[in-house]
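In what follows, a structure is listed as structure tokens, so that the remarks can point back to it.
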Amino acid sequence: MSTNILQHVKQLLHNRDVFSFFHNKTGNLNYLDNTTQKPEVFVSPNSTIVSAPTLDSFQALMEKGNFTTLQLAKVGIRMFFSYSVSKYAVLCFSTAIILNRLTVMSSLRSNSTNIRLPLWSKTLLHLVATLSLVKALLQILSQFGLMHELHVSDTDFYALSVYLFVALSDCIEIFISSTTNVPSLICSDFSIWGLSLNLYIISKMPAGQQHIGDNVELLGAVFHRLVIHLVELFHIRAYRLCGEVILNAGFFTAFVTRTYLNGLDFINICLIHNYFPGFFYISTILLASIGIFLKALFTSNPFRSLYSRYKNLEKWWRSNNYNGEEEFNEIALSLCLLLTSNDYKIFKKSDNVKSVDEVAAFSNSYVVSGHLNQLQSTPEDLLSRKEMTTDSQLPGFARTYLGLFELVRTIILTYSRLLKNLLWSKNFESSIDKKPRVGKRKKRDLNKYVTEKNYKKFLYKPDVKELNIESDLRSLELLLPEDDSSKDYFPPRKIDESVSDEEFDSDMESQLIIDEEKELTHLSSNAVDSDDLEEIAWNISMWSILNYEMDVHNKVNGPLTRSQYGKRNPQGVLVDVVIERLLHHTNSRYMYKRLNMKDDDKLEFKFDFAFDSCDEVEEMDLSCLICKVNKRNIVTWPCRCLALCDDCRISLGYKGFATCVSCDSEVKGYSKLNIV
């Protein structure tokens, strides 16, 4: 093959017959006549044939042999401006605006109500998109000569129809996904802009002189979108990755086979741009897998080595939270990094790609705790999957229509088995001799024999002295034993009614109040400055952090951050915040009020919060659960608990506390209420 390339290069340099070289190796379906002295068509740098009036300066440049980078840049700029004023660029711009409006439409509607699309509408829309893509697929296959009855001689009409079918499928997918609040299945390998540029180049070609690489690119774009709508139609989104793996493996096999048989004559620059990443990932995965198998064969226990690799793959899949709806290139890239790493490091999705449902997507800064992430409206995207009912709960297309055959099959099998059992039982009874059936003997109910006259014999113990033990058999059937060996019954001592549980509880409560009053009196008499309070709170917080980090069981890799400490030791963080708020409110004299103060009187305290439970309070207690002073005005999401004030929320947030103080669930955001 290298010898042939050298011969062509020598011929090119000797004769400068550039067009004969390109026309014979561009992979056209119909080759030009070799006797043509001045061909009417030429090729672009990506081996794609376009019409002469578009780039005639490039033809003159190649004929003169003055091929420089500057002249090539001028031709590229002229080609770009020619595409920019074409109808394909206008269609691409219009499609992008429509897709953007459909995406933003979900954020403009009210968050209080959930929109549910009926099953028939979703099925109808996906069916329309599927039929449109099938029509586009048949037109593309007709360009390869597979279906002559569908062949279109007008290349402009062919390119426009394919583009409109693909754009319609994208609009339907974006509309349904944005309406039902589910992630959209997009095909980023074949964008609308690249598709429009490719179709613009095809529209400038005469019929029968299209480059095979351009049509292969269209084939891949239609196939990938067809897989998306099929999995949506049958409600099997988790199998989207399987379909893309089959498509990429099929294209890879076809390209390798054609390259081996006919060389690289069918490849152009657009084909390399769209297919090369996927092919590179597949080649890397195959080579790495072969190396792993060969390494396992030369080990003492090959099955154990392969099993450990399988466990690594399983851990990699779980750690990245893959569900089968991702694109092939995303999964393949992560798998290549895993297979080619020497330290078996699990590359997570969060290392390179941020998930759209993370808390960081709602703000531009890194959120240490959800208590610092303010949300202005009801966050439906933070609610759990069980609470969200945006999608239709009706059965899918397959279960609705194809399930009818399963129902008919079940009914036929049930009645056939019943008829078979009836016929078999009749034949069996007629063929065997009739034998007398022995009925089961019913047990006698002894209670029927007990009457008003003889009940004493059953319920009373006869006098043993009057009975002859040897002759009278009734002595053996006595209901009660002769001697009672059980312990005697002693009634308990009477409880002193003067002492009750209520008085005991009231005594404990009064003692608690007295102790609290003493502590608060001591604190009020020794009030300190705010700076000293902050230093005390800081010392207490640092002491708890150092005490936690010095424990052998709490070692972490690297420095201990606030978020890590908040997740690992939430109880310690909560205690620190309670102490901090208690010191603040005690020093500011918020927790109590002095009433009727005189020189000879004792201190009388009136607490702002009740010591009793909420059931015993006449009105609802809206005091904060942490400081017990301020009113609750913070709602945490997605648990919807109203338990904190704004000051305690700030303290918990900056200390990395990530759970709710009421229900102990993860907090992803908060909203502030104005309670009157």
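In case you wondered, yes, glycine gets a Cβ from its N, Cα and C as well.
The model shown is predicted, which means the values in this text are computed figures rather than measured ones.
Here Swiss-Prot flags N24 (among others) as N-linked glycosylation site.
Residues or ranges marked as N-linked glycosylation site by Swiss-Prot on the basis of sequence analysis: N34 (among others).
Residues or ranges marked as N-linked glycosylation site in Swiss-Prot (evidence: sequence analysis): N46 (among others).
What Swiss-Prot records for N66 (among others) is N-linked glycosylation site, and it gives sequence analysis as the kind of evidence.
The annotation topological domain 'Perinuclear space' is assigned in Swiss-Prot to 1-78 (among others) on the grounds of a curator's inference.
What Swiss-Prot lists as topological domain 'Nuclear' is 100-126 (among others), and the listing cites a curator's inference.
Per-residue pLDDT, averaged over the topological domain 'Perinuclear space' (148-156), rounds to 71. Summarising the annotation, Swiss-Prot assigns topological domain 'Perinuclear space' to 148-156 (among others).
Residues or ranges marked as topological domain 'Nuclear' in Swiss-Prot (evidence: a curator's inference): 178-181 (among others).
If you look up Swiss-Prot, you'll see 203-277 (among others) marked as topological domain 'Perinuclear space', on the strength of a curator's inference.
The topological domain 'Nuclear' feature in Swiss-Prot is assigned to 299-676 (among others); the stated evidence is experimental evidence.
Feature annotation from Swiss-Prot assigns transmembrane segment to 79-99 (among others).
What Swiss-Prot records for 127-147 (among others) is transmembrane segment, and it gives sequence analysis as the kind of evidence.
Annotated transmembrane segment per Swiss-Prot: 157-177 (among others), in sequence order.
The transmembrane segment annotation in Swiss-Prot covers 182-202 (among others).
Sequence annotations record features per position, and here Swiss-Prot assigns transmembrane segment to 278-298 (among others) based on sequence analysis.
What Swiss-Prot lists as zinc finger is 624-664, and the listing cites sequence analysis.
For the transmembrane segment (182-202), the partner stretch with the most Cβ pairs below 8 Å, chosen from 79-99, 127-147, 278-298, is 79-99. Remote same-chain partners of the transmembrane segment (127-147), defined as residues 6 or more beyond its termini with a Cβ less than 8 Å from a stretch Cβ, comprise 29, 158, 161-162, 165-166, 168-169, 172-173, 210, 212, 215, 218-219, 222-223, 225-226, 229-230, 233. For the zinc finger (624-664), DSSP puts the residue distribution at 9 helix, 10 strand, 22 coil.
Across the topological domain 'Nuclear' (178-181), the DSSP tally of helix, strand and coil residues reads 2 helix, 0 strand, 2 coil.
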